[in-house]
């Protein structure tokens with residue numbers, strides 16, 4: 001039997017069906033601690049081997065809250081991305097990768113497929129060919145995404161792709177202003193020498209900036225200005241990765 005797989009940034013609209021249990025799913029359900037470990041370790045191992053090397057790549061950790069949100073997305077069986085509002089968790093907009101298949105695949109396989117888009121990606125340039133996808137790769141290696149949660153659903157009413165795997169990443173990557181520079185080039189942990197775990201930084205800034213120009217605003221008006229209430233990362237995180 002030919003196994004079909006599809007991993008898209010923008011999926012074609014298909015008939016909706018409610019996600020339900022499948023006899024083949026229990027081993028892949030992310031309520032299982034071993035699956036959480038596999039998913040998190042796979043992401044971190046791939047983040048360690050980016051080329052060129054990253055000086056500010058954060059280590060990812062598992063979030064049950066994000067996983068629950070990803071499960072809600074998977075259970076819809078729409079085979080398309082959720083809205084920005086549906087991916088906003090505790091005020092933080094998160095990213096999302098999708099993997100559709102006609103038979104169940106391991107999480108490591110799905111994540112590796114996302115990462116393998118790197119063959120079409122050139123740092124600070126973008127896609128190296130037309131009509132190729134790179135957004136899954138850049139999200140997997142987005143330096144500031146440090147929490148993730150994933151989920152799988154079985155969608156029996158879908159004609160082809162009945163297995164639907166979703167990972168969500170917070171904060172989300174693929175920011176338009178730097179989507180082709182998903183991290184800073186430099187020696188591993190170059191930006192976090194005192195908070196490093198085998199090439200990955202362990203000191204994420206847990207504050208967020210609303211504006212892209214917060215560093216410039218800080219220089220102009222200082223953190224005491226009322227407008228800077230929307231620049232908490234710039235003002236509060238002095239040594240953390242932000």
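Note that the numbers count up from 1, one per residue, in the order the chain is shown.
Cβ from N, Cα, C; glycine included.
Copied over from Swiss-Prot, here are the features:
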type     : residues : note
SIGNAL   : 1-19     : signal peptide
DOMAIN   : 41-169   : domain 'SCP'
DISULFID : 77-155   : disulfide bond
DISULFID : 94-170   : disulfide bond
DISULFID : 150-167  : disulfide bond
DISULFID : 189-196  : disulfide bond
DISULFID : 192-201  : disulfide bond
DISULFID : 205-237  : disulfide bond
DOMAIN   : 205-237  : domain 'ShKT'
DISULFID : 214-231  : disulfide bond
DISULFID : 223-235  : disulfide bond
Discussion item. Across the domain 'ShKT' (205-237), what does the mean pLDDT come to, as a whole number?
Written reply: 93
Fill in: Least buried by Cβ count (within 10 Å) of the disulfide-bonded residues 77, 94, 155, 192, 196
196
Worksheet item: Roughly how many angstrom lie between the C-alpha atoms of residue 231 (disulfide bond) and residue 237 (disulfide bond)?
Response: 10
Worksheet item: For residue 201 (disulfide bond), which of the disulfide-bonded residues 94, 155, 170, 223 has the nearest Cα in space?
Response: 170
Worksheet, complete the sentence: CA pair residue 196 (disulfide bond) / residue 237 (disulfide bond), Å rounded to integer, equals 17
Worksheet item: What three-state class does DSSP give residue 150 (disulfide bond)?
Response: strand
Discussion item. Just to confirm: which same-chain residues, 6+ apart in sequence, have a Cβ under 8 Å from the Cβ of residue 170 (disulfide bond)?
Written reply: 63, 66, 89, 92, 94, 95, 145, 146, 147, 148
Worksheet item: For residue 237 (disulfide bond), which residues in the same chain are close in space, meaning a Cβ under 8 Å from its Cβ, but six or more apart along the sequence?
Response: 205, 206, 207
Item to complete: Between residue 235 (disulfide bond) and residue 214 (disulfide bond), find the distance joining the two CA atoms and give it rounded to the nearest Å.
Response: 9
Fill in: Integer Å distance between the CA atoms belonging to residue 223 (disulfide bond) and residue 167 (disulfide bond)
35
Response to the item:
Quick note, residue 189 (disulfide bond) and residue 214 (disulfide bond): C-alpha atoms separated, nearest Å, by 24
